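Student: Residues or ranges marked as DNA-binding region by Swiss-Prot: 88-100. For 31-41, 51-67, the entry in Swiss-Prot reads compositional bias 'Polar residues'. Swiss-Prot lists 94-104 with the feature compositional bias 'Low complexity'. Annotated compositional bias 'Pro residues' per Swiss-Prot: 301-310, in sequence order. The domain 'PPC' feature in Swiss-Prot is assigned to 112-251; the stated evidence is sequence analysis. Sequence annotations record features per position, and here Swiss-Prot assigns region 'Disordered' to 15-112, 239-310.
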Amino acid sequence: MANPWWVGNVAIGGVESPVTSSAPSLHHRNSNNNNPPTMTRSDPRLDHDFTTNNSGSPNTQTQSQEEQNSRDEQPAVEPGSGSGSTGRRPRGRPPGSKNKPKSPVVVTKESPNSLQSHVLEIATGADVAESLNAFARRRGRGVSVLSGSGLVTNVTLRQPAASGGVVSLRGQFEILSMCGAFLPTSGSPAAAAGLTIYLAGAQGQVVGGGVAGPLIASGPVIVIAATFCNATYERLPIEEEQQQEQPLQLEDGKKQKEENDDNESGNNGNEGSMQPPMYNMPPNFIPNGHQMAQHDVYWGGPPPRAPPSY
């Protein structure tokens, strides 16, 4: 039985078979035939589909090649670069985010009550105590002597056990310790200023006391001192009368302040809470010689409102 879709000869794979009512016969391949095998369809729509498929296949292949070339031309995104959506973020701090060194704090203005340290060098032949006293007056600041070192000669010390309370020592002595204070004003108490020194003699004896006369430096004398300003003079112990007067003054001041505050708050409250006179009575009206209290008037609640006028 013949296939109604095929008309004429059908050449498939180089085998030619005529369309007959019987089965097609087989023949040997003709190697000299250069024409490509063809198929003939009786339906024109199938011919159109076959032609369209054959003509569209090269275009599809060309389009796929162009897409592959465009993918190859695109640069690869490095991991961690941050330019791609799938790129990993770099770990750690970004560059330049570390703590930068801060500039040092410079104090441009010093407090007048602050202490200033000094290293003073007293020349040979100068009086140590007089030099320190002159330095305090010239600078206008008090001088607190912390320590000293050097050699001195012809020392006059104050000692209560000696006759007259003063001892004059001749020779050269080494300073072991020295402390004291000098105030810039001449009217300061004598006990508040002065110099106390301990000396070692050539034979190992140690003497000390308050300097009561010249203290001549026989070599360079180094003094470590601190200067101060705005020193307050206090007399101790504080007397009992002063201790009692101060609390009384504080209590009186507190009471007076509280009274003033109460008066101010009362005035403000009265101004804010003033009510219109009740029962057409003047505000200064005093019934039965006594002023009517507010709670006597309002104990029954506020009066009813007048009906609106139509």
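Backbone N, Cα and C define each Cβ position, glycine as well.
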Student: Averaged over the domain 'PPC' (112-251), what pLDDT does the prediction give?
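Tutor: The average pLDDT of the model in the domain 'PPC' (112-251) works out to 86.
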Student: By DSSP, what is the split of the domain 'PPC' (112-251) into helix, strand and coil residues?
Tutor: 30 helix, 68 strand, 42 coil
